[in-house]
Amino acid sequence: MNVYLVGGAVRNRLLKLPVTERDWVVVGATPEEMLLLGYKKVGKNFPVFLHPETKEEYALARTERKMAEGHTGFACYASPDVTLEEDLLRRDLTINAIACNDKGDLIDPYQGEKDLNQLILRHVSEAFIEDPLRVLRVARFAAQFAHLGFSIDSVTLDLMTKISQSGELLTLSPERVWKETEKALLSPSPHIYFQVLKHCSAILVLFPEIDTLCSPLRCPLSHGLSTLSIAAKLTDQKEVRFAALCHILGKKLTEYDVLGTHDRAVLKRVPLCDLNKIEQLCERLKLPNLFRELLKHTLKYRGLVTIINRLSFPLLLNFFDELDLWRKPYRLEQLILISKADESTEGGVEGKHDYQAQYVREAFNIARAVSVKKILEGGFRKEAIQKELTRRRNQALDQWQKQKT
């Protein structure tokens with residue numbers, strides 16, 4: 001029985017990157033032997049065990065054979081006679097198919113270390129094409145390591161395109177697609193993930209709402225990717241990054257229930273959005289509410305941030321109400337970040353955005369400072385409370401504006 005460290009831990013160690021988790025492969029053992037040693041079995045489809053002390057995963061060496069469509073359509077064979085080289089052969093990329101023994105020696109039958117040194121993401125074997133999830137995984141690794149200079153081997157990219165055209169991507173569950181996407185959003189270069197998916201025709205299958213925006217003459221996706229790239233430098237919040245990409249969806253003028261001719265004139269200049277496409281995206285991928293809410297707010301209100309100082313105070317307060325900023329003030333900063341990334345992409349004047357951002361922050365703090373307690377002490381009840389609160393907030397904003405001028 002021999003135990004080897006494999007996968008991401010070996011790869012990251014060679015790249016001098018942090019190792020967050022360690023996976024092990026066991027050669028020459030049976031499930032019964034693992035149980036006798038105190039390991040706990042956790043794998044359903046193949047023998048994976050948890051170490052009794054470290055709780056790290058130890059998998060018996062295995063081979064896989066394609067039996068049906070999809071990521072789970074494999075028959076696994078795990079036996080003491082399966083070699084380490086056979087186990088490594090089933091892995092996706094050469095850089096993930098390197099093992100290390102207890103002496104620190106590398107076992108690298110597929111030249112993964114060479115590809116690491118040459119900054120190449122390359123498939124291990126032709127069996128790569130059998131698992132559709134690998135399209136997402138390779139795109140994610142491209143996003144994870146783009147800042148180091150990694151690129152995808154051209155033959156590997158061709159295989160990814162074949163998978164995309166085969167229809168097998170449709171067999172992936174929404175949860176699995178989103179899991180890989182969410183990981184990619186946390187990478188240093190999340191825009192590369194979607195760029196790769198576009199290049200290998202996977203975005204048409206997995207994110208059709210985004211892909212359909214592209215035409216031979218114009219592709220708003222490029223703007224979305226640029227906005228995402230800038231947003232990734234401004235924040236590590238994955239929901240903000242995703243909203244920065246998706247703010248390009250469904251451009252359409254949307255009417256507001258505005259309160260005056262001044263507001264109507266201002267809002268005519270703000271292209272807002274149809275929420276149908278974002279609803280489709282959210283439902284199909286089963287996005288968490290945190291993402292859904294920010295996406296909808298971004299599509300509806302991001303444009304207002306760029307002209308926020310031109311809105312009347314009644315409309316500004318309505319904006320605060322609809323975002324529920326009184327209970328969730330962080331939403332304002334999220335919209336400001338997305339707007340900043342978008343304006344930077346379009347070559348906007350940074351000072352202008354900073355002015356609008358500071359204006360809306362100050363206005364919100366002024367409005368939020370109005371005391372509800374004093375209104376209650378004044379004898380107001382039921383509907384009169386909200387009416388009086390709005391009146392006092394308008395009054396406070398008027399006084400603030402007079403002081404500024």
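Easy rule for this one: first residue shown is 1, then count along the chain.
Glycine is treated like the rest: Cβ placed from N, Cα and C.
In sequence order, I95, N96, I98, G112, L116 are the residues of the chain that are 6 or more apart from R11 (CTP binding site) and have a CB within less than 8 Å of its CB. Summarising the annotation, Swiss-Prot assigns CTP binding site to G8, R11, R91, R137, R140 and lists sequence analysis as the type of evidence.
In the three-state DSSP reading, R137 (CTP binding site) counts as helix. The Cβ of R137 (CTP binding site) has 17 neighbouring Cβ atoms from other residues within 10 Å, across all protein chains displayed. Look at Swiss-Prot and you will find G8, R11, R91, R137, R140 tagged as ATP binding site.
Residues annotated as Mg(2+) binding site in Swiss-Prot, with sequence analysis given as evidence: E21, D23. In the three-state DSSP scheme, D23 (Mg(2+) binding site) is classed as strand. Taking the Cβ of D23 (Mg(2+) binding site) as centre and 10 Å as the limit, one finds 16 other Cβ atoms among all the protein chains shown.
Per Swiss-Prot, domain 'HD' is recorded for 220-326.
There are 24 other Cβ atoms within 10 Å of the Cβ belonging to R140 (CTP binding site). Note on proximity: of the binding-site residues G8, R91, R140, the one nearest E21 (Mg(2+) binding site) is G8, by Cα distance. Of the recorded residues, R91 (CTP binding site) and D23 (Mg(2+) binding site) place their C-alpha atoms 13 Å from one another.
Cβ neighbours within 10 Å of E21 (Mg(2+) binding site), excluding its own Cβ and spanning all shown chains: 10.
Annotated ATP site G8, R11, R91, R137, R140; additional same-chain residues within 8 Å of its Cβ mean position, judged by their own Cβ, are G7, D92, L93, I95, N96, F141.
Among the binding-site residues G8, R137, R140, the ones whose Cα is located within 10 Å of the Cα of D23 (Mg(2+) binding site) are G8.
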